[in-house]
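Peer 1: This is the feature table in TrEMBL:
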REGION    1-27  region 'Disordered'
COMPBIAS  8-27  compositional bias 'Basic and acidic residues'
DOMAIN    82-329  domain 'Deacetylase sirtuin-type'
ACT_SITE  H187  active site, proton acceptor
BINDING   C195, C198, C225, C228  Zn(2+) binding site
REGION    353-400  region 'Disordered'
COMPBIAS  390-400  compositional bias 'Basic residues'
Amino acid sequence: MAAGGPSRSERKAAERVRRLREEQQRERLRQVSRILRKAAAERSAEEGRLLAESEDLVTELQGRSRRREGLKRRQEEVCDDPEELRRKVRELAGAVRNAKYLVVYTGAGISTAASIPDYRGPNGVWTLLQKGRSVSAADLSEAEPTLTHMSIARLHEQKLVQHVVSQNCDGLHLRSGLPRTAISELHGNMYIEVCTACTPNREYVRVFDVTERTALHRHQTGRACHKCGAQLRDTIVHFGERGTLGQPLNWEAATEAASKADTILCLGSSLKVLKKYPRLWCMTKPPSRRPKLYIVNLQWTPKDDWAALKLHGKCDDVMQLLMDELGLEIPPYSRWQDPIFALATPLRAGEEGTHSRKSLCRSREEPPPGERAAPLSSAPVLGGWFGRGCTKRTKRKKVT
C-alpha cells in the first residue's frame, strides 16, 4: 500500500465491488417489483421466500406505489353529481349573502372556457410538459371574458365581492369591467408595460400582448417611455421571480383585503402557488378567526382540508347556478364596452414595428342598439400611471 491511502489497483477493485453490489441490489429490486405485481395466489413458494427475505425492499416499493396512486388521485378531475352540486351552490349562496367582506381568489381554471389552457389539469401546460408532450401557443387575442369573469364583475358591482386576487396574466378581469382598484393581478398583466424610471411608475395599457420579447429575468419590451425615454418592461412575474411592481400586482390591496376578509372564495386555482403566500390566508390569526374558505375546483387542492365547502364543478357551471340562486343577471361581454380600449395608450409614430402580436379590435359592425362604446377620452389618470401626453393621444385615437 502506498503511503497516504490505498493503491490505484485497490481503489479500482473496491469500485468494482461497489458497482457489483449496486447491480445486484437493482436486480433484486426488479425481481421483488415483478413479484409484487402478481396476485398473492399466483406467487410460487420461492417467490414468497424472496419477499420474506426482502422486507426493506417490499416496504420501499409499497410506499412508492402508494405515493404514485395518491398523486394520480390528486390529478384526477372529480365532478359532483348535478343534485349535489346544486345543494352545495345553495350553501355557497348563503355564504355570499352573509359575508361581510368577501374576497375572490382566481386561477387559470376560470379562463379555460376562453380557450386558454390551465396549468395542472389533465391537458394543462405543466401536465403535458411533464409527459414530454409539446404545448401549442394559444392566441390570447381571441380570448374574451368568460361567464365567470362577468359574474365576478357583477357581484362586485352589487357589493357582494369586495376584492379579487388573480394569478392570471390574461387581463380578462380588467376587460370584464372590474375596476382596477378591485383587482390584484399577482403575476402581472400581458397587456400592461411600465416605466420603472418614472416616479411613480408610468403605466401603459396596450391592446396587444406586450410580452413578445420578454422571458424569465428578461423583461424589456423594446419600447420606450413617452415621458423620460427609459426602456419599458412587462409586468409578468415568472416562476422563480419575486414581483416588486406596485401595479398591476397590487399586493398592498391584496393583503389588506385578506386581513379584512371573513369569507374567501377560490375559483379555478390549484392553490399550489397561492398556498405559499401566508399573508393571503391570515395564518397569524387563530384558526377560529380566519376567513371561511370555499373552493371551486375539479381537482384536489392543498387547502381542501381547511375549506368549509369544496365544490367539484366547472367554474362557469357553478357561477351560473350561484347567480341564479342569488337572483342576479350575468351581464354579457361586449367588445364595444371593453374598458381596455378606453385605457389603452396608442403607439407613437415609429413604434408600429416593435411588435407582431395580433391587436385587439372592436367589431367592424355597428354597436347593438342602445349600446355605445366607452369614449376614448374617458381614460382615467390613475395615480400618475398615465401622463398627460398619453391621455391626449388617447383622445385622438380612432375607433377601428
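Cβ coordinates are placed from backbone N, Cα and C, and glycine is handled just like the others.
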Peer 1: Report the mean pLDDT of the predicted model across the domain 'Deacetylase sirtuin-type' (82-329), rounded to a whole number.
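Peer 2: The average pLDDT of the model in the domain 'Deacetylase sirtuin-type' (82-329) works out to 90.
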Peer 1: Which of the listed binding-site residues (C198, C228) has the least company, meaning the fewest other Cβ atoms within 10 Å of its Cβ?
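Peer 2: Counting other Cβ atoms within 10 Å of each of the binding-site residues C198, C228 gives the minimum at C228.
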Peer 1: Which one is closest to the residue listed as 'active site, proton acceptor' in space, judged by CA to CA distance, out of the binding-site residues C195, C198, C225, C228?
Peer 2: C195
Peer 1: Look at the binding-site residues C195, C225 and tell me which residue has the greatest number of other C-beta atoms within 10 angstroms of its C-beta.
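Peer 2: It comes out as C195.
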Peer 1: Counting across all protein chains present, how many other Cβ atoms fall within 10 Å of the Cβ of the residue listed as 'active site, proton acceptor'?
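Peer 2: Looking across every protein chain shown, the total is 19.
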Peer 1: Enumerate the residues of the same chain, C195, C198, C225, C228 excluded, that satisfy the criterion Cβ within 8 A of the mean position of the Cβ atoms of the recorded Zn(2+) site; list them in sequence order.
Peer 2: T196, A197, N201, R202, H226, K227, G229, A230, L232
